[in-house]
Amino acid sequence: MCTSLSELKCPVFSTKRKLLLEFALRTSVDMAAQEGVNYLSGLGLSRLICLPMALRAAIELNVFEIISQAGPDAQLSPSDIVAKIPTKNPSAAISLDRILRMLGASSILSVSTTKSGRVYGLNEESRCLVASEDKVSVVPMLLFTSDKAVVESFYNIKDVVLEEGVIPFDRTHGMDFFQYAGKEERVNKSFNQAMGAGSTIAFDEVFKVYKGFDNLKELVDVGGGIGTSLSNIVAKHPHIRGINFELPHVIGDAPDYPGVEHVPGDMFEGVPNAQNILLKWVLHDWDDDRSIKILKNCWKALPENGTVIVIEFVLPQVLGNNAESFNALTPDLLMMALNPGGKERTTIEFDGLAKAAGFAETKFFPISQGLHVMEFHKINC
């Protein structure tokens, strides 16, 4: 599970922290400095929730697609946009303008003022919210992380500090995330779409750097979701036989892909025998003990010269004010809220997991902005 992947190609995510803080503080910091009043700048922080909610509303109203369909340099008024939205509300344009002007002030949309009023267009940030020719955008990740079931979990995140063993999602919903997704079709669909879109964006970058798939004949994707990652790999390397191993309720939503076989199962009980195994955004879902159990099952399923290929964001040893740190820190908090012991890790911590599971050697391949491919080898190469 991951939601930061889109930062590899989309500046709206690589700058989202900057945008939020700038929006909150821009109009008040100078005044606070002049008057010596610190509380005034804090008012902006108290309203940070407004920006992501405005962004979600614009997505649900199809605003970005409407502007895109009007042309690459289109500048539309709220009335122009509302004309494409199924509503009979006479004040819709006024209400929409109030949402869009916040996005404009936050540099998510371009905004200009004409004699008739404000007009809005796409910029470098918001183009990432429009589906590409391959129908890929960062929208599925945004919709998942702002889903009510996910957001409600964060109300209990303080309990992780106050009490040992608390999982905010479980406390909020009475079951773990994957059980909940198995029962709630909306959440299951949203999660699968988010992981699928993120996988496609990720592998565009992975293929530029990592060449480890070139000579593989078989690859089992353990916890592979609806098979998007494996389909991307097999499409690029059609000589690979792909097996997507996932829980039955996830496989039930999986489309058919050329060269990919869907196999239901539970990675905690066992893994299909395989020449090579892929774990993409799986280990960060779990604590060390569960991660080691997954890796031990992979170790058992591999031949003597087999390899587990792991794809994760990696925490830098020294945190900084940069995309590499931010890309790992944001999903780390998401893992804290959703999963039992889930967390992002450093290369040293990943090496420790591999060694604890019996792997003899680890190799690390930095991709971009904190994303890494890792190889866990059963024997020394």
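Each Cβ is built from the backbone N, Cα and C atoms, and glycine gets one as well.
Residues annotated as active site, proton acceptor in Swiss-Prot, with sequence analysis given as evidence: His284. Mapped onto three states, the DSSP output places His284 (active site, proton acceptor) in helix.
The Cβ of Glu246 (S-adenosyl-L-methionine binding site) lies under 8 Å from the Cβ of Gly223, Gly224, Gly225, Ile226, Gly227, Ala254, His262, Val263, Pro264, Gly265, each of these being in the same chain and 6 or more residues away along the sequence. Secondary structure at Glu246 (S-adenosyl-L-methionine binding site), as computed by DSSP, is strand. Residues or ranges marked as S-adenosyl-L-methionine binding site in Swiss-Prot: Gly223, Glu246, Asp266, Met267, Lys280.
Listed in sequence order, Ser199, Ala202, Asp221, Gly223, Gly224, Ser229, Val310, Ile311, Glu312 are the same-chain residues six or more apart from Lys280 (S-adenosyl-L-methionine binding site) with CB atoms under 8 A from its CB. Considering only the residues assigned to S-adenosyl-L-methionine binding, Gly223, Glu246, Asp266, Met267, Lys280, the longest pairwise Cα distance works out to 16 Å.
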